[in-house]
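Single-structure report; data block below.
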Amino acid sequence: VRHPNILSFLHSTEAEVPDGPAIKHTIYIVTEPVTPLSEKIKELNLGGTQRDEYFAWGLHQISKAVSFLNNDCKLVHGNVCLASVVVTQTLDWKLHAFDVLSEFDANNEIASSPMLQFEWLVGAQYKPLELTKSDWASIRKSPPWAIDSWGLGCLIHELFSGGKLSRTEDLRNIASIPKSLLPDYQKLLSSTPSRRMNPSKLIDNSEFFQNKLVETIQFMEVLNLKDSVEKDSFFRKLPNIAEQLPREIVLKKLLPVLASALEFGSAAAPALTVLLKMGSWLPADQFSTKVLPTIVKLFASNDRAIRVSLLQHIDQFGESLASQTVDEQVFPHVATGFSDTSSLLRELTLKSMLVLAPKLSQRTISGSLLKYLSKLQVDEEPAIRTNTTILLGNISTYMNDGTRKRVLINAFTVRALRDTFPPARAAGIMALSVTSSYYEMTEIATRILPNIVVLTFDPDSDVRTKAFQATDQFLQIAKQHHEKLNTGDNRAAEGTGVQLKPGNASLLGWAMSSITQKGKPSDHGPVSTANASNSQVSAPPSTTSDTHSAPAAYAPAATSNSFDQTAPASASSSMDGWGELENGNQEENGSDNEGWDDVDPFEEKSPPSLLSNIQAAQKRPVVQPKQPIPSSSRSNQPAAPKAEEDALWGPTAVPAPKIAPKSAGIKPSVSHNDDDDLWGSIAAPQPKSSGKALKPAAANNDDLWGAIAAPPPATKARPLASSGRGRGAKPAQPKLGAQRIGRTSSTGM
């Protein structure tokens, strides 16, 4: 018989065993693992309300089994008592001992033969009066449940009296029966068989069955039939209810049902909170076998609410996860949250890495995790950018040396310290301080200190304070390095790390949430502008030849604004998002930096000053003068390009210094007047003869600046004059002006 409240039959076999000269046949019946109810009651040792609630749940299950046999199958169990009930591993009660099971023969009312073939197996104390007298005619006229209802009454008495029923007269002792169950108890033991209560009515109408445990289990058994509103309301109340229920029943009965409901999708996201709370009451070994398998499967869920709940409570079970499980089964599903459209999910995914990163392999950290973190450092949410920097500082100990050298300084200086969000800059400073033991002295002196010192005049006071603290810390490292060098201990000088100050031990806590608190980029616009403007340091014009002004360009405004946009993907062989930025000069096309090609490294040396002027002039758009030069004397002097250049570039040129720069990289001109002209280094070379140098000027396309100079007057000006483009009363000046404009346009300027 297949019924949830009847002991499950699994398998049977027959064996022939020699017994002397005869052969003994033995039938083995295999059932699910169970324990007799009398032993389980002693083991649980419940009392008070918890005992009554558990007995109510058990009687509810046995009543359903008896009702199924009597009303649906028209069968009579005939031996319902404490000994015929067993308990499963999930503390469910099940009916067994079907030795006397018989079909109810109600149609043959006049028959006097026994209806129960093995009624002698039933104890006399459990037999109703009609069965004791073997009044089979009266039994056949009675309802099918008459005998088993009497047995239910005997079971109730044995449960609450705490002992086995010894004689039928003991059923009159009702001192131990709960008051809410007493009316039903008396109806079950009615002396008239036809007036005994039907077990189905006992299930539906008994007040004793209306308690928290029975209602909770019944709701979870029909969870698939409930709507989302009912599920949410139920699971939000369940944590408080579970505290009041018997702990053993919660762990062995409710926990498996809840885990199964979550695994197959019938439970809502709040059920995960209850599952973890119940799981916290388990020993570590049982938690790993009963709860963790369900949690690992939930990571593959597409329900965003389930994923959010998992990440919010990952600190409760993350330590119990095996490293191989995290690396192969958990992380691939968690990593999808890095690129989720929900900022809350991105932030929770980021914070979960603090728990999962120690269990990831180096291949996963370098190949996948750092690539995702590189993108989050340019996330639109400022708090996510800040927490990304904090996470990098916290998980740096799990990276190998090569990864740390490639990632940390670039992530903290190139991005974090130049972020427009003040807490992000503060986080970059703190991360550098906490990871100071991983940097060489050269990196500290050339890459870290210059970036931190600039922030000592940051608009935000907290950033300034942390910048001064970090500066002192790294200067202390430099002093120790200096002292070691002076003592001749070069080998010891290679270690640059120092012990952190006690105040730095708890610096890397999470920043404020981007969802619950402020942190939108629009809220920090003025700070961005102020920071970008204050962080630019320019050298005076008189020191253009000084190569020590190279670190002056700290964070251009265009670079700061580019942090709010995601860096383009890269095809570099490096798997993480921080390409290797070498110290010193580096060609732009030398390597692909995977997310770093939108920012310039701080330590890149500037080109020579004259070459900088050439590059700046090439980037400046060429603007033609609206009016030609009216001087007629200049039009008659074709051999004076110097004077014409001064007239064209005078409004934009830098005043010429009295002393010519000594570091000029271009050969000086023949004319000594060109040494005083800053623009002479980018002008066309002076011709050897004044008459012949201007003729091929129009054909020389490589000379971008020669076309600006005014050519000598020629007879070709007559067709241009006929086009009506002259501007003055005199014909010579408009012809000359028209010819200059025509020459300029023909050269592609």
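Numbers here mean position along the shown chain, with the first residue as 1.
From the backbone N, Cα and C atoms, a Cβ is placed for every residue, glycine too.
The compositional bias 'Polar residues' annotation in TrEMBL covers 528-548 (among others).
According to TrEMBL, the compositional bias 'Polar residues' annotation covers 559-575 (among others).
As annotated by TrEMBL, compositional bias 'Low complexity' applies to 577-588.
Look at TrEMBL and you will find 589-601 tagged as compositional bias 'Acidic residues'.
The compositional bias 'Polar residues' annotation in TrEMBL covers 629-638 (among others).
Per TrEMBL, domain 'Protein kinase' is recorded for 1-209. Note on the domain 'Protein kinase' (1-209): mean pLDDT across this stretch is 89.
Taken from TrEMBL, the feature region 'Disordered' applies to 516-749.
Long-range contacts of the repeat 'HEAT' (291-329) within the same chain, counting only residues at least 6 positions beyond its ends with a Cβ under 8 Å from a Cβ of the stretch, are 255, 259, 262-263, 265, 268-270, 272-273, 275-276, 279-280, 282, 284, 337, 342, 344-345, 348-349, 351-352, 355-356, 359-361, 364. The feature repeat 'HEAT' is assigned by TrEMBL to 291-329.
Within the repeat 'HEAT' (291-329), the DSSP-based counts of helix, strand and coil residues read 30 helix, 0 strand, 9 coil.
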